[in-house]
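Going by Swiss-Prot, these are the annotated features:
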type	residues	note
REGION	1-158	region 'SRX'
REGION	167-217	region 'Disordered'
COMPBIAS	171-183	compositional bias 'Polar residues'
COMPBIAS	185-198	compositional bias 'Basic residues'
MOD_RES	Ser239	phosphoserine
REGION	398-620	region 'NG domain'
BINDING	404-411, 510-514, 572-575	GTP binding site
MOD_RES	Ser523	phosphoserine
Amino acid sequence: MFDQLAVFTPQGQVLYQYNCLGKKFSEIQINSFISQLITSPVTRKESVANANTDGFDFNLLTINSEHKNSPSFNALFYLNKQPELYFVVTFAEQTLELNQETQQTLALVLKLWNSLHLSESILKNRQGQNEKNKHNYVDILQGIEDDLKKFEQYFRIKYEESIKQDHINPDNFTKNGSVPQSHNKNTKKKLRDTKGKKQSTGNVGSGRKWGRDGGMLDEMNHEDAAKLDFSSSNSHNSSQVALDSTINKDSFGDRTEGGDFLIKEIDDLLSSHKDEITSGNEAKNSGYVSTAFGFLQKHVLGNKTINESDLKSVLEKLTQQLITKNVAPEAADYLTQQVSHDLVGSKTANWTSVENTARESLTKALTQILTPGVSVDLLREIQSKRSKKDEEGKCDPYVFSIVGVNGVGKSTNLSKLAFWLLQNNFKVLIVACDTFRSGAVEQLRVHVENLAQLMDDSHVRGSKNKRGKTGNDYVELFEAGYGGSDLVTKIAKQAIKYSRDQNFDIVLMDTAGRRHNDPTLMSPLKSFADQAKPDKIIMVGEALVGTDSVQQAKNFNDAFGKGRNLDFFIISKCDTVGEMLGTMVNMVYATGIPILFVGVGQTYTDLRTLSVKWAVNTLMS
């Protein structure tokens, strides 16, 4: 990994500093960099621009330090012109992996810095536009301390989540980033502990090494033998490593002042700034060639009244663009009709073409379709219901039912939802209502074991809690085997009664996957909803399905009878489709049901609230 990151002014004022290994920041490195830059600003400089730099032009310096305590190193840097700031990442040697990591890190730093508008704020302070302090002086950091804290927090999270994990070598570093020497010490300590345990169980003899001819070469000491021991103690550590790989709490979210655990939306900030840049570029380069006629067409024909003939070719082009992004034709037609209703009879703004005006209107229409509530509203609703007690002093649980077609990831996303609820200090009962698919109950049992162990390190996998069920005091599995549709409603009613008696906050019901175009499979959903009466019915739809998502959403929304509809969507596998996010538009267009979360991976923390700006920007790109 790289050594250090620094952001500073030409006068030497350090605005941000970060040491990747958690050591004291080495000012000698930065001083050597500045000295080298002053003495040889051109001849030792190499321009770097590739896919990892994300559009930025970086420069590379190799510094042969004169200080004994600071060996030679490399510095990748970017010079911001207004205001003049240096962004520098130092690293030991030029290797393919280190070069990629430093380039990606510096690009991330600049994107976060720009998205928080820190340069603009510093420039205003330098120009004296902000209020002066008691000494009649404007400090360049005045009024931006909170944004700098945000920058530090966001950078650490995004670096750990998206860059460090990709470049760290598990053979050279431990999980917490320590160097091999400390790892070896810990390993030796564990080996000594293992040795002691073996002696206590009666394995007191030394091991032996055998040659190819069958003769004994020499005796093995206990430490050598312990290295070959893959018994229960080591297998437990392996299972813990496997479990740790299912979660990255730091990347999941932060608690609000009220204690609510919200899904993180740093990507929303980055995409918002990217959207601003894209919009600015589109305004500058609106498709007109740099000819005299193009100039006149752009400037003279602004402020014109739009009619249907003006929009025809533009809307056909926009419709085709939406369809290529997996938006269903009927949804694309609806959106372009909205644009037509919005623009016909209106005038374009000065210096603005009809096409740009139509794109702005389509962006607004997409934003209106995709804008729903956010996760904290759901938390408040749960807390409100749980605050009401009956005459016996008991509270009804808040009940979720998860539905969807086969193979979209219902059980996985139910488990992600369970983890999010557990982080908000709710006690969760997971109910196995998929009594048809072989292995469905066992799959949930594995998830419950994982969640129980994540909430309590002392939980032993395979053990039963004090009520004789899989799980612990935080999360538990309610199961009753396999059977027909009658068993499903019976399990649901029993689980709700059980959760009420045992004071569970949340009931999460996993249901069987079913084809949306098969009435025989869809019809039991109505009786299930009537009997179980869930507070929220969530459909899991996958981003890969494309235009068929319209019919899926309609059929599931209509399956529960009059007066009962879906409440939310979770769109899974959004990390697999790139820019083809049309499924989100299709499902919301077909039903008017909002998207609660999007799934972006297979771990319990790979759940995000929908960033509408990101989705719209992706669809319009």
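Yeah, the Cβs are placed from backbone N, Cα and C, and that goes for glycine too.
Cα spacing between Lys410 (GTP binding site) and Ser523 (phosphoserine): 19 Å, rounded to the nearest whole number. Around the Cβ of Lys410 (GTP binding site), a 10 Å sphere holds 24 further Cβ atoms from the protein chains shown. On a Cα basis, Thr511 (GTP binding site) lies 13 Å away from Ser523 (phosphoserine). In the three-state DSSP reading, Thr511 (GTP binding site) counts as coil. Just so you know, of the recorded positions Thr511, Ser523, the Cβ with the fewest other Cβ atoms around it within 10 Å is the one at Ser523.
Per-residue pLDDT, averaged across the region 'NG domain' (398-620), gives 90. Within the same chain, residues at least six positions away from Gly407 (GTP binding site) with a Cβ under 8 Å of its Cβ are Gly513, Glu542.
In this structure, Cys574 (GTP binding site) is part of a helix by DSSP. Following the DSSP three-state reduction, the secondary structure of Gly404 (GTP binding site) is coil. Within the same chain, residues at least six positions away from Arg514 (GTP binding site) with a Cβ under 8 Å of its Cβ are Val403, Val405, Asn406, Leu521, Met522, Leu525.
With a 10 A radius on its CB, Cys574 (GTP binding site) counts 23 other CB atoms from all the protein chains. Sequence-distant contacts of Gly404 (GTP binding site), defined as residues of its own chain at least six apart whose C-beta falls under 8 angstroms from its C-beta, comprise Lys410, Gly513, Met539, Val540, Gly541, Phe556.
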